[in-house]
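Enquirer: Quick one: the structure is below, and I'll ask about it shortly.
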Amino acid sequence: MNASRPAVHPVEAPPLTDAAVHHPRVRMKDVQGMPGTKGGLFLRLSQFMFAIISVSVMATTNDFRSATAFCYLVLAVGLQSLWSLSLAFVDIYALLVKRSLRNNIVIRLFTIGDGITSTLTFAAACASAGITVLIGNDLDKCAMNHCTKFETATAMAFISWFAMSPSFLLNFWSLASQ
């Protein structure tokens, strides 16, 4: 049998030049939504806006102190609004001076803060939704209470949490990829 056989010829790597040795490694681009990007600033401002609307609507009722879940909602969403506003200022600064926020310590701080505040906000929104359903559907006491305002505040807290989730996931992804 006269079949040809493949020949394997080793290929040598080209010699390294000084430019290849001393260049820093290439980093992935900043994905929109990460800290220091326009998308990240938009997410922070939307988190802040929906959190402030939730706190404002709940604070306009005079009987939100009647349920512990509503007090917890005001506390958790108030904390989230402060956190989101402070990080929005950091994003504005980073955009103005054209600085990347890819520092390991900074990303770790953002990830932990986003994780804590998003968990608190989600838990408070779920608890408030449960109490709102109890008051409205089970006890049928919407005539005495401000059910529409409770529902609106709870919905705004959920929307604020939805805006917080991409921030947390992108920060966590960035932290894990370092």
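Backbone N, Cα and C atoms are what each Cβ position is placed from, and that goes for glycine too.
Unlike curated records, TrEMBL annotations are generated automatically.
Copied straight from TrEMBL:
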DOMAIN    34-163  domain 'Casparian strip membrane protein'
TRANSMEM  41-60  transmembrane segment
TRANSMEM  72-97  transmembrane segment
TRANSMEM  109-135  transmembrane segment
TRANSMEM  155-176  transmembrane segment
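Map these features onto the structure and tell me what's around them.
Expert: Among residues of the same chain six or more beyond the transmembrane segment (41-60), those with a C-beta under 8 A of the stretch's C-beta atoms are 33, 70, 73-74, 77-78, 80-81, 84-85, 87-88, 91-92, 95, 121, 149-150, 152-154, 156-157, 159-160, 163-164, 166-167.
Within the chain carrying the transmembrane segment (155-176), a Cβ under 8 angstroms from the stretch's Cβ atoms is held by residues 31, 33-35, 40, 43-44, 46-47, 50-51, 53-54, 57, 73, 76-77, 80, 84, 102, 104, 107-108, 110-111, 114-115, 117-118, 121-122, 124-125, 128-129, all 6 or more beyond its ends.
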Enquirer: With Cβ-Cβ distances below 8 Å as the criterion, list the same-chain residues six or more beyond the ends of the transmembrane segment (72-97) that contact it, or say none.
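Expert: For the transmembrane segment (72-97), the far contacts come to 35-38, 40-41, 44-45, 47-48, 51-52, 54-55, 58-59, 64, 110, 113-114, 117-118, 120-121, 123-125, 127-128, 153-154, 156-157, 160, 164.
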